[in-house]
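What TrEMBL lists as compositional bias 'Polar residues' is 611-620. The domain 'CBS' annotation in TrEMBL covers 741-802. Residues or ranges marked as region 'Disordered' by TrEMBL: 602-621. The transmembrane segment annotation in TrEMBL covers 12-35, 71-92, 113-130, 174-197, 261-285, 305-329, 397-416, 453-479.
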Amino acid sequence: LSTQKAQRYEAVKWVMVFAIGVCTGLVGLFVDFFVRLLTQLKFQVVQSSVEECTEKGCLALSLLELLGFNLTFVFLASLLVLIQPVAAGSGIPEIKCYLNGVKVPGVVRLRTVVCKAAGVLFSVAGGLFVGKEGPMIHSGAVVGAGLPQFQSISLRKIQFNFPYFRSDRDKRDFVSAGAAAGVAAAFGAPIGGTLFSLEEGSSFWNQGLTWKVLFCSMAATFTLNFFRSGIQFGSWGSFQLPGLLNFGEFKCSESDKKCHLWTAVDLGFFILMGIVGGLLGATFNCLNKRLAKYRMRNVHPKPKLVRVLESLLVSLTTTVVVFVASMVLGECRQMSSTSHSGNDTLSLQGMSEDVNSSIKTFFCPNETYNDMATLFFNPQESAILQLFHQDGTFSPVTLSLFFLLYFLLSCWTYGISVPSGLFVPSLLCGAAFGRLVANLLKSYIGLDHIYSGTFALIGAAAFLGGVVRMTISLTVILIESTNEITYGLPIMITLMVAKWTGDFFNKGIYDIHVNLRGVPLLEWETEVEMDKLRASDIMEPNLTYVYPHTRIQSLVSILRTTVHHAFPVVTENRGNEREFMKGNQLISNNIKFKKSSILTRAGEQRRRSQSMKSYPSSELRNMCDEHIATEEPPEKEDLLQQMLERRYTPYPNLYPDQSPSEEWTMEERFRPLTFHGLILRSQLVTLLVRGVCYSETQSSASQPRLSHAEMSEDYPRYPDIHDLDLTLLNPRMIVDVTPYMNPSPFAVSPNTHVSQVFNLFRTMGLRHLPVVNAVGEIVGIITRHNLTHEFLQARLRQHYQTI
């Protein structure tokens with residue numbers, strides 16, 4: 001029976017993964033279709049008015065029309081973000097945190113994905129310098145989290161009885177599949193998506209997951225491809241448009257025999273471009289970090305309307321800059337005269353027609369076009385295609401101005417409260433930079449053999465790599481988007497150089513935003529010097545614990561006065577010790593010997609409090625970051641009042657005491673505790689809500705039993721202790737927690753090196769790691785907070801001071 005069950009579970013998992021891929025593809029289709037619709041509408045109206053007004057001299061009117069469109073769209077996008085604030089930005093930092101094991105509130109809710117998809121549609125159509133690719137990753141992740149649950153807070157009425165996937169680990173696996181599907185749909189890069197999920201996201205990865213994630217990404221890519229090919233070309237079933245972002249085909253024209261996409265000589269230039277890209281990316285990140293800090297101080301504390309006004313201000317500035325630059329700063333360039341010979345392939349013909357159709361001829365005589373307007377007055381994707389494939393030239397002045405304006409405006413835009421991606425603006429910015437390099441090399445150094453499209457692509461890779469600092473996944477994404485495997489080496493080298501150059505100055509943009517939020521992310525490994533620390537140096541010896549049999553009133557008071565997520569289940573062993581000592585001499589000698597060498601909580605706490613006297617007070621703050629939630633009990637609940645007062649009684653075994661009296665010695669306050677297991681807060685609350693307890697006069701066998709399904713029924717939203725009606729509980733009843741605790745959690749010895757602790761914590765996806773000494777006493781507990789970089793650094797400084 002159990003094998004059948006396992007097979008069914010696996011089958012359901014595969015079906016779910018496929019469903020996630022298809023839904024992510026459909027979200028991408030929805031966004032793409034409406035962005036295209038709105039931008040076409042906008043540009044048609046504005047372009048016809050520009051062409052009319054060029055003759056009549058009423059250009060201010062066209063500017064007002066453009067402003068009307070853009071401000072309306074951006075206003076709608078900001079309103080959607082007010083409904084669900086998590087939907088702002090690209091969502092990649094939040095998904096990174098989620099996959100790293102940190103719950104960001106509201107990040108994978110249905111409301112978030114609705115606001116995100118609709119919002120990104122308006123912010124892209126509103127002419128802001130944002131992409132729709134980053135939010136696709138977030139949307140995919142939300143689909144991944146929500147679909148297998150078959151329930152949503154926003155649609156409470158709809159209830160399915162779907163018993164599978166009721167654990168955080170399953171949910172996290174699906175979220176990584178969804179994020180990968182998002183990348184795959186955005187770039188038409190299923191393998192890139194899988195690698196993205198591996199590199200950026202998941203801290204816990206298993207073999208079986210790789211295959212499922214790849215399958216999910218393929219499903220997403222081909223769903224999107226199928227529908228877009230059908231809608232745009234009317235040829236259903238032919239797959240012509242892989243991703244939302246398509247770089248087109250890089251090909252030398254047949255007539256030109258000397259033309260090569262790239263040669264070995266170019267690699268030197270590519271490396272230099274990588275260095276410059278890294279520097280530019282580091283500058284971008286530095287400016288954006290300053291801006292984000294400024295926003296946190298001055299914009300976010302103010303009423304929410306201020307954020308909307310900021311978005312509108314950015315939109316206004318962007319629109320005016322775009323309009324004025326196109327009108328005033330553009331140059332008229334010759335159209336490329338190379339008429340394509342008839343034996344060219346159809347796709348290439350289609351491509352070049354596509355490139356030539358998006359040329360803008362504002363204010364220019366016949367047979368010429370306005371190069372600045374061609375870049376600014378098009379959707380970003382067509383501007384990228386122009387830079388990659390346009391045979392006609394862009395003047396160096398235009399490219400430099402375009403790069404500068406785009407760099408500053410996209411830096412200002414990332415972080416305002418609209419859903420916004422960073423991939424496309426960075427690619428466009430970098431493509432302009434690459435095209436500029438190619439222009440300079442061609443005209444001033446006289447290298448005729450170079451292919452400008454390649455340089456534009458490498459520039460785009462260099463700048464994007466310098467901003468986001470992804471390596472393996474970005475390489476594969478770019479190769480898959482260009483469909484050109486020969487670009488593998490140049491792209492890889494450029495990205496590596498860009499990452500190393502940028503890392504010399506600061507972190508990638510997503511890591512910066514994660515840090516600004518103060519999320520305790522765990523890196524891949526610790527530094528070598530951290531091995532001077534042991535588990536006993538970083539653990540928290542001041543424990544909150546429960547006994548195997550605990551009175552309800554103690555449980556309630558513990559749950560109400562702490563915010564810990566799990567509690568060790570312990571017994572006190574004062575009696576046993578005396579028994580041991582009475583026995584024969586041999587044992588007691590052994591124990592005396594052991595006692596001297598064994599670490600105890602009291603000893604550790606004493607050592608710390610002595611060394612505390614020599615620290616500056618700032619270190620003291622790191623010592624115990626215990627945030628204890630202070631609960632104000634209402635007057636009518638004198639019951640709770642009694643419970644809290646009971647906490648000061650001297651110590652029968654049924655009342656684990658929270659706040660020992662002042663006169664206690666260190667030994668009494670940190671008594672030896674034998675460790676039996678861990679019990680989660682959610683489990684304790686579920687036991688209290690379901691009334692699992694027995695009275696003093698009965699034996700613990702009379703306590704009702706809950707099955708695993710009943711315990712996990714409320715996942716992922718367990719009841720809160722503060723919603724519990726205390727009048728229904730008899731405070732004298734006793735709860736036996738032993739059937740529900742985890743009797744064999746991962747634990748470490750106090751002498752374990754920090755790197756080992758870290759690897760165990762990270763690879764097994766733990767939240768709590770008890771530190772247990774040689775005689776089975778728990779001496780402390782390690783949580784994620786104790787392994788963050790900042791905390792370890794502080795402990796290391798302390799360690800050096802005490803030596």
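Positions of Cβ are set from backbone N, Cα and C atoms, glycine also.
The transmembrane segment (71-92) makes no contact with the transmembrane segment (453-479): fewer than 3 of their CB pairs lie within 8 A, with pairs spaced 6 or more apart in sequence. Here the transmembrane segment (174-197) has long-range neighbours at 16-17, 20-21, 24-25, 27-28, 95, 98-99, 108, 132-133, 136-145, 147-148, 165, 205, 209-210, 212-214, 216-221, 223-225, 241-246, 423, 470, 472-474, 476-477, 479-481, meaning same-chain residues at least 6 beyond its ends whose C-beta is under 8 angstroms from one of its own. Segment contact holds for the transmembrane segment (261-285) and the transmembrane segment (453-479), given three or more CB pairs below 8 angstroms at sequence separation of 6 or more.
Same-chain neighbours of the transmembrane segment (397-416): 88-90, 128-130, 280, 284, 287-288, 291-292, 295, 307, 310-311, 314, 317-318, 321, 325, 329-331, 371-372, 375-376, 422, 425-426, 428-429, 432-433, 435-436, 439, 509, 513, counting only residues six or more beyond its ends whose CB sits under 8 Å from a CB of the stretch. Shown for the domain 'CBS' (741-802): DSSP residue counts in helix, strand and coil, namely 29 helix, 15 strand, 18 coil.
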